[in-house]
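Trainee: Could you have a look at this structure, given as structure tokens, before my questions?
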Amino acid sequence: MLCSWRVKLKLLLATITLAVLLSWLYLFVGSLEYGRFLLLPPCLGEQPSRDVEREALASQVRRVEEENQQLRMQLGQVQAEGSDGNPQWAASAEDGPPLGGERNNRTACPEQRMVRKCELLHVAIVCAGHNASRDVVTLVKSILFHRKNPLHFHFITDSVAHQILQTLFQSWMVPSIHVSFYNADDLKPEVSWIPNKHYSGIYGLMKLTLTKALPSNLSKVIVLDTDITFATDIAELWAVFGKFSEKQVIGLVENQSDWYLGNLWKNHKPWPALGRGFNTGVILLLLDRLRRLGWEQMWRLTAERELMSMLSTSLADQDIFNAVIKQNPALVYRLPCFWNVQLSDHTRSELCYTEVSDLKVIHWNSPKKLRVKNKHVEFFRNLYLTFLEYDGNLLRRELFGCASLPSPPSDQLQQALEELDEDDPCYDFRRQHLTQHRVHLFFLQYEFLALPNPTDVTLVAQLSMDRLQMLEAICKHWAGPISLALYMSDAEAQQFLRYAQASEVLSARRNVAYHIVYKEGQFYPINLLRNVALANTQTPYVFLTDIDFLPMYGLYDYLRNSIQQLELPHRKAALIVPAFETLHYRLTFPKSKAELLSMLDMGSLYTFRYHVWPKGHAPTDYAKWRTATVPYRVAWQPDFEPYVVVRRDCPKYDQRFVGFGWNKVSHIMELDAQEYELLVLPNAFMIHMPHAPSFDISKFRLSAGYRGCLQTLREEFHQDLSRKYGAAALKYLTAERNL
């Protein structure tokens, strides 16, 4: 071995000497072309233009310096190999420095294989539950922000995350993004036998099964934890696959804490690992090679052997990956540590970077997440918050020069937008109707399990940020399940999250579903919001209300009893809850119908909108309601818009109506067209609380164009209703003309 090294060294020295001689001859010949010998004093030769001479000489010197630099680099690599006889452990630029060594690990490394333009990059993520589904959105945003290539995300999910992420990506409609889902329940038998103390539970072991879970024709994939933030183009990480040797199959960053050294506390006994071990928050997997090696059998045998003494894993899949690598060190490619800057309590991650430009990937691998202790944590937190609150609509940009695969929903939307007439006075209304809003279902933990109760009912409402203060009051008045659609920006959604987590009332409830519909466009998409909240209920019946109303105490139980007594499962009926209002922000809420009637007589309460829009609720017949003891039937009348309890499969709200006006009227009209009975409940009531006028109602009142467009939409709705229900819908058109 020593002899071989000396031969290589002599060969390189001879090469360098020859290169210097050739360079000298090259300069000599070149100088003759300019009419003088460069090694002679200037006065002895002919002197053409000094500028031309200086430029030619500088060019030749630069070439020689570049050649010498390349030769020195090759010599350094040979010396590094000869120092211990093992090129895998040489301190080359592509392996990155060890934590205790040189701190500068910028990417001034030997030339690496570049990712082809439009090459499809594959990313696998294990995601389960409501919280992880929320975290993964920030990861995806950071990837999309920097990316220049098409991406294919492979999500291993439970049923909750599947529903959330599938809806999110379908509504996001980002070009050149492909998404596949794999059922984690199918993979649980593969790892359920492994005891795991990590907070991630059984899902923290799922990455071991990727060779089986992912398609057999997928040869390589980047695997990420959900608590990752990218600060660079993920294609740079994908390019590292080109550096793997023939034996290397897994790319990992060294663990940046002393966990696997076993010196964190007394009697600490970690799983076996190579040196400091490796962190599995960022993994490069060559799946085809792993399958040929028999990866499944390899990790199983290792886990079984180690569990005999360790009894359980502490860091989930990471312990098993490290145990396998301990037995097979040739399998691992050491990624530079800036590809996984770990921010847990015991890490030494500051050794991985000296400047911002050194950062590639940040890993919040502590249960404390953003509250972790690190001297640069404020900088990292700000970088994370940038993507947390970043407007995801801005990421719907095309990749120039890369053809997207056909997407029927996207193509249909584009065609509909192209058919709009920009000179139409109502163009903005029609454009808003076609707007595709991002939707994040079940933004917070939701654990309501619908029992087989045929009379159960969910309160359904929608709101924006300015009505957030109503949530606690509604939760105090309504004990049953609630489905809410919230219209917010990305930043507002995070404000809401902090508000809900800090509220004792809201954080104590697990049967309230919050669905975020992200802002886009100039009008409030009120009926879209209602449809989102309605579509994601789990009970047979729904109470369709607005966020400004407080239901009477005990209304939830009263409605369930009424549904049963009226045998609603066997008839098509809508139960009307009479609406009242107060002008007082502080109200002693009536505990019974008798108290409400007393307050009504005293002028503390009023029938809803009696002085502004009496037609909206007059058909409820409040005079009859005062003395009624049993439900009574009322007939539909023009502009009637009561709040009702109906079956969950009722007609959807017409989404052409945005902003203010006719959004509930059109819905009640369609219920009547489908021959729903309208039954007023005698002992139910709700009270509207005062608030400042919305922006949309102000536009309605001030803009003649707004009101004109609303009238146009009403006429078009009547025409569509007539086509849908035939002669039965003519009465609505007649009633409209008689107004």
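From the backbone N, Cα and C atoms, a Cβ is placed for every residue, glycine too.
From Swiss-Prot, for reference:
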TRANSMEM  11-31  transmembrane segment
REGION    80-105  region 'Disordered'
CARBOHYD  Asn105  N-linked glycosylation site
REGION    121-396  region 'Xylosyltransferase activity'
CARBOHYD  Asn131  N-linked glycosylation site
CARBOHYD  Asn217  N-linked glycosylation site
BINDING   Asp225, Asp227  Mn(2+) 1 binding site
CARBOHYD  Asn255  N-linked glycosylation site
REGION    397-739  region 'Glucuronyltransferase activity'
BINDING   Asp546, Asp548  Mn(2+) 2 binding site
Trainee: Roughly where does the region 'Xylosyltransferase activity' (121-396) sit in mean pLDDT, to the nearest integer?
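Mentor: In the predicted model, the region 'Xylosyltransferase activity' (121-396) has a mean pLDDT of 87.
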Trainee: Can you grab the distance from Asp546 (Mn(2+) 2 binding site) over to Asn217 (N-linked glycosylation site)? Cα atoms, rounded to a whole Å.
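Mentor: On Cα coordinates alone, these residues lie 51 Å apart.
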Trainee: Where does Asp225 (Mn(2+) 1 binding site) sit in DSSP terms: helix, strand, or coil?
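Mentor: SS state of Asp225 (Mn(2+) 1 binding site) = coil.
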Trainee: Taking 10 A as the limit, how many CB atoms besides its own sit near the CB of Asn255 (N-linked glycosylation site)?
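Mentor: Step by step: centre on the Cβ of Asn255 (N-linked glycosylation site), count other Cβ atoms within 10 Å, giving 31.
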Trainee: Only counting partners 6 or more residues apart, tell me which same-chain residues put their Cβ under 8 Å from the Cβ of Asp548 (Mn(2+) 2 binding site).
Mentor: Arg467, Met470, His688, Met689, His691
Trainee: Between C-alpha atoms, which of these recorded positions comes nearest to Asn217 (N-linked glycosylation site): Asn131, Asp225, Asp227?
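Mentor: In terms of Cα distance, Asn217 (N-linked glycosylation site) lies closest to Asp225.
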Trainee: On a count of neighbouring CB atoms within 10 A, which of the binding-site residues Asp225, Asp227, Asp546 is highest?
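Mentor: Its Cβ has the most other Cβ atoms within 10 Å: Asp225.
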Trainee: Out of Asn131, Asn217, which of these glycosylation sites shows the lowest number of other CB atoms within 10 Å of its CB?
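Mentor: So among Asn131, Asn217, the glycosylation sites given, the one with the fewest Cβ atoms within 10 Å is Asn217.
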Trainee: I want to verify one value. Collapsing DSSP to three states, which class is Asn131 (N-linked glycosylation site)?
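Mentor: Where Asn131 (N-linked glycosylation site) sits, the three-state DSSP reduction gives helix.
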Trainee: In whole Å, note down how far the CA of Asn131 (N-linked glycosylation site) lies from the CA of Asp225 (Mn(2+) 1 binding site).
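Mentor: Spelling it out, the Cα of Asp225 (Mn(2+) 1 binding site) and the Cα of Asn131 (N-linked glycosylation site) are 13 Å apart.
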Trainee: List the Cα distance (Å, whole number) between Asn131 (N-linked glycosylation site) and Asp227 (Mn(2+) 1 binding site).
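Mentor: Cα-Cα distance, Asn131 (N-linked glycosylation site) to Asp227 (Mn(2+) 1 binding site): 11 Å.
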Trainee: For Asp227 (Mn(2+) 1 binding site) and Asn255 (N-linked glycosylation site), what Cα-Cα distance in Å is obtained after rounding to a whole number?
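Mentor: Per the Cα atoms, Asp227 (Mn(2+) 1 binding site) and Asn255 (N-linked glycosylation site) stand 16 Å apart.
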Trainee: Determine, from DSSP, whether Asp548 (Mn(2+) 2 binding site) sits in helix, strand or coil.
Mentor: coil
